[in-house]
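Okay, structure first, notes after.
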Amino acid sequence: MMLDEAVGRRVCCDGERGTVRYVGPVPPTAGVWLGVEWDHPERGKHDGSHDGVRYFTCRHPTGGSFVRPQKASFGVDYVTALKQRYEVEIEEVTAEEMKISSKTVVMVGFENVKKKQSVKNLTEVGLRRCEVSAPGPENEIRNTTPFVQSLDLSGNLLSSWEVLAAITEQLDSLQELHLSHNRLSISSAPSSLSSAFSHLRVLSINSCALTWTQVLHCAPMWQQVEELYLADNNITELLRPEHVLQALTVLDLSNNQIAQETVLEISHLPRLERLNLSSTSLSEIKFSDVPAGKKTTLFPALKELLLDDNNISEWRVVNELEKLPSLVYLSCRRNPLLHKEKNLETARQIMIARLGQLELLDMRQILSDERRGAELDYCKMFGSAWLRAGGHREAEKNNPNTDFMTEHPRYLTLIQKYGAPDEGELREQKPFALKNQLLTITFLCPEDLERKPIEKKLPGSMIVQKVKGLLHRLLKLPGVELKLTYTCAKMADREIEIDNDLKPLQFYSVEDGDKILVRWS
C-alpha cells in the first residue's frame, strides 16, 4: 500500500488500534510520520497539534499521536488471517501419528477430524482481533469459505462499510455478523451495499462509537436484520426509525447514556420482542396514551425488557410497565427502587404483585405459589391505605379515590381475585429499620409437650433453611428432618405449612407474635 493512500486506514501498533488522520513530515524531525487518532484516548498524547501546528483533529484532547510507518501494521486480508488462524489449528489437531517413548502410535479417526476441520467446510469463522483489513484477491473468500453462516470480525482493522461489504458479498449464506470494536467510516450510499448483507439476521456492532443517527443512516444496508446489538456506543438520543429496522425482534442499547424522553421513539417497532436498556441512566418511563390499569398500544410485541443498573427509584415506573401488553420477562436489578423496601425479597414480591403478566423476574421464574403469596401479601400491605382512600369490603360501597388507584392500579383486580383482606390481616408498611424487621416468634413442639416454648426475635428476611438450622441447635436435634407450620392470632384454628426452605419467613406472611410449630419424625 502506498502511504499517500493511508489516510482513513486503520492501523495497529503495540496492540492498540487507531485511524490514520495524517501522513507527512512533522518538523523539525526528518522523514514521514503517521498521525493516528487512537480508539482509546489514553494511548495518545495530544489532539493532533504539535509545536503550535495542527496536523489533524481528534475527538479527544489526548487521542492522537505520531508514529513511524514501519511501527504500524495495516493488517492482512481475510484469507491470510483465516489461514493463520485455522491452518495452524488443523496442523496441530490432525497429525496422523505421534511419537510416544520412541514408538509410533497411530491416531485412529483423525482423518475424519481433519475433514471436519477443513477450512472450506466451516460454517462459523472467528477472526476476532486478527488484524483483518481487506478482502484479498477477487472471489478468493467465496472459494475458500463458501458455507460460512456466522462470522466474527470484532476488533479488526476494517476501515469502512465498503471494505466490509467486499468481504460479506462473497459469503452467500452469512446470517450472523459480529463487528464490535471496529471503527467503520459511514457509507455515503448505504442502500447500494444492501446486497452484501441480504441474508443477515444478527448484527453485533457494540463499541463502534456510533450515534443513533448513524445507525439509522446505515440501516438500509441490513433491512432483514432481526437482532441488533448496539451496546456501549455514542447513542445519546433516539429518533423514530422510518422504513428501517422494521424486522427487529431484539435490540440492545445498553451502556448508552440515552435521553429518557426519547425512548418512546422506538416504541412503534412492530416486531420488537426483547429490548435491553440496562445502564442507560433511565429513571422514568411513561405511557401517556392510556390511564393506569389499561394497556398501551406502544411496544405491542415487547416480551422481554432489561432495565438493570439504572436510576429507577419510584414504584410508579413499575406501574407504567404493567401497561405493556405482552411483557412477561423483566430484569430490574441494581436500581435504587429495590433499596426502598426492607430487603430485596420484599421488593421482588411487590414487583410481582404490580406486574400481573410477569413470568420471569431478574432471571428467576415466578411460580404460581410465589405469585399467590406475593399478591396476598400486597393486599394486606396496602389494605389500610385502600380503606382510607374510600375502599370498602362491600362491592357497592368500594370506591377508592384516583390517587390510590394511580398508585395501586392492580389493587381492585387483586381483591376481586382473592377477596378483600380482613381487618385483622391489615398491616402497614413500616419504615426501613432493623427493629421493624425483627419478628418475635414463639416455637412450639406440639408432639413433645415436655419441651418448653422458645421465644426468639428473627428477621422476616431469614430463609426457612436457616430457621431450621437454628432449631437443630436449640432443640439439639442434629440431622433430623423438621416440618414447620405456623399459626397466628387472626386464624388461631388454622395451621399454615412452611414448605419451601429457600423462601424467607415474610413470604409466608409470618408476623410479629406468631407461633411456629415444629415437628419431626
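The backbone N, Cα and C atoms fix where each Cβ goes, glycine too.
The domain 'CAP-Gly' annotation in Swiss-Prot covers 24-68, and the record cites sequence analysis as its basis. According to Swiss-Prot, the feature domain 'LRRCT' maps to 335-377. Taken from Swiss-Prot, the feature repeat 'LRR 1' covers 147-168. Marked as repeat 'LRR 2' by Swiss-Prot: 173-194. Marked as repeat 'LRR 3' by Swiss-Prot: 199-220. Here Swiss-Prot flags 224-245 as repeat 'LRR 4'. Here Swiss-Prot flags 247-268 as repeat 'LRR 5'. The repeat 'LRR 6' annotation in Swiss-Prot covers 271-292. The repeat 'LRR 7' annotation in Swiss-Prot covers 301-322.
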Subject >> Secondary structure content, the repeat 'LRR 6' (271-292) (per DSSP, counts of residues) >> reply: 0 helix, 3 strand, 19 coil
Subject >> Mean of the pLDDT scores, which run from 0 to 100, over the repeat 'LRR 3' (199-220) >> reply: 98
Original post:
Can you name the far-off residues of the same chain, 6+ from the ends of the domain 'LRRCT' (335-377), with a Cβ under 8 Å from a Cβ of it?
Top reply: 307-315, 317-319, 321-322, 326-329, 410, 413-414, 417-418, 432, 436-437, 460-461, 500, 504, 506-509
Original post:
Same chain, outside the repeat 'LRR 7' (301-322) by at least 6, Cβ under 8 Å from its Cβ: which residues?
Top reply: 249, 254, 270-287, 292, 328-337, 340, 350-351, 354-356, 406-407, 409-410
Original post:
Can you name the far-off residues of the same chain, 6+ from the ends of the repeat 'LRR 5' (247-268), with a Cβ under 8 Å from a Cβ of it?
Top reply: 206, 223-241, 274-285, 287, 298-299, 301, 306
Original post:
What residues in the same chain, six or more past the boundaries of the repeat 'LRR 2' (173-194), come closer than 8 Å to it by Cβ-Cβ distance?
Top reply: 8, 10, 17, 19, 39, 123, 128, 146-156, 158-162, 164-165, 200-209, 214, 217-223, 229
Original post:
What same-chain residues lie close to the repeat 'LRR 3' (199-220): Cβ under 8 Å, and 6 or more beyond its ends?
Top reply: 39, 154, 161, 168, 172-184, 186-187, 190-191, 226-239, 241, 244-245, 252
Original post:
Would you list the DSSP helix, strand and coil counts for the residues of the repeat 'LRR 3' (199-220)?
Top reply: 9 helix, 3 strand, 10 coil
